[in-house]
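Okay, so here's the structure we're looking at.
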Amino acid sequence: MMRIALFLLTNLGVMVVFGLILSLTGIQSSSVMGLMIMAGLFGFGGAFVSLLMSKWMALRSVGGEVIEQPRNETERWLLDTIAKQSQQAGIAMPQVAIYHAPDINAFATGARRDASLVAVSTGLLQNMSRDEAEAVLAHEVSHIANGDMVTMTLIQGIVNTFVIFISRILAQLAAGFMSGDREEEGNSNGNPMVYFVVSMVLELVFGIVASTITMWFSRHREFHADAGAARLAGSEKMIAALQRLKTSYEPQEASSMMALCINGKSKSISELFMSHPPLDKRIEALRSGQYAR
């Protein structure tokens, strides 16, 4: 909760300062405060709703089935291993689910450290050794212990808010400039069509730029989760698991799920837009101890 409060206060403070600067420069309209509130509600609202519904949406997306009672030795091993790692990491036992997919993958999600979910693919269970699978599970438990889902949501909320706010402000200025004396027209946004088109274009452009910020954090947290897995399961097991991921099918999970999974899509225009670092970089970081605490 402290992390959420600090992020919200920081975001609010920056927005207020930005509003004051607009006021002092005289380019602010009477609707800026309302726009600030609207941007915050939409920017954070969508991100937090997604977080609160994350377990349900993730299970629905992959068709996962939560293990209520283990039906075989593999399911028993999964529960026992995650229970042990959760205790080591100081978090409550997460729910554990299995979903059908040929690729070697797993993910963790949930709104709180003590109300989370770890899901693994059948491809992982069929193609990884127990040591490798143990390391992958430790990676997911580390994500939960680090609070990565909440932090990712807060960062997404902040960038969403600023994308909406700044694009609308600039669109308002552009529309007012192109329509001449907007006050005579009684329309603080100037030409409505210009305002709409410019705001949509700017939201698209700023959204692409903002995605590089969230993807940078996503890559950063993968390195730390790998390091956490090395502490829980051993660095050699984690390196072996990452080596095994090189042999996997291209991930089949939906694009919206990729940032949650241990094995992200390797094909991208640029590493800037990748949710995961290249596997070789992750292995190198483990061997060098770069992210070890």
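Quick reminder: no glycine exception, Cβ is built from N, Cα and C everywhere.
Among the features that Swiss-Prot reports, active site is placed at E140, with the record citing sequence analysis. The Cβ of E140 (active site) lies under 8 Å from the Cβ of A106, F107, A108, V118, A225, I262, each of these being in the same chain and 6 or more residues away along the sequence.
H143 (Zn(2+) binding site) has a Cβ environment of 27 other Cβ atoms inside 10 Å. Residues annotated as Zn(2+) binding site in Swiss-Prot, with sequence analysis given as evidence: H139, H143, E222.
Under the heading transmembrane segment, Swiss-Prot lists 4-24 (among others).
Taken from Swiss-Prot, the feature transmembrane segment applies to 32-52 (among others), supported by sequence analysis.
Annotated transmembrane segment per Swiss-Prot: 158-178 (among others), in sequence order.
Within the same chain, residues 155, 159-160, 162-164, 166-168, 170-172, 174-175, 178-179, 272-273 sit at least 6 positions outside the transmembrane segment (193-213) and bring their C-beta atoms closer than 8 Å to a C-beta of that stretch. Residues or ranges marked as transmembrane segment by Swiss-Prot on the basis of sequence analysis: 193-213 (among others).
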Same-chain residues at least 6 apart in sequence whose Cβ lies under 8 Å from E222 (Zn(2+) binding site):
I262, S275, H276, P277, R282
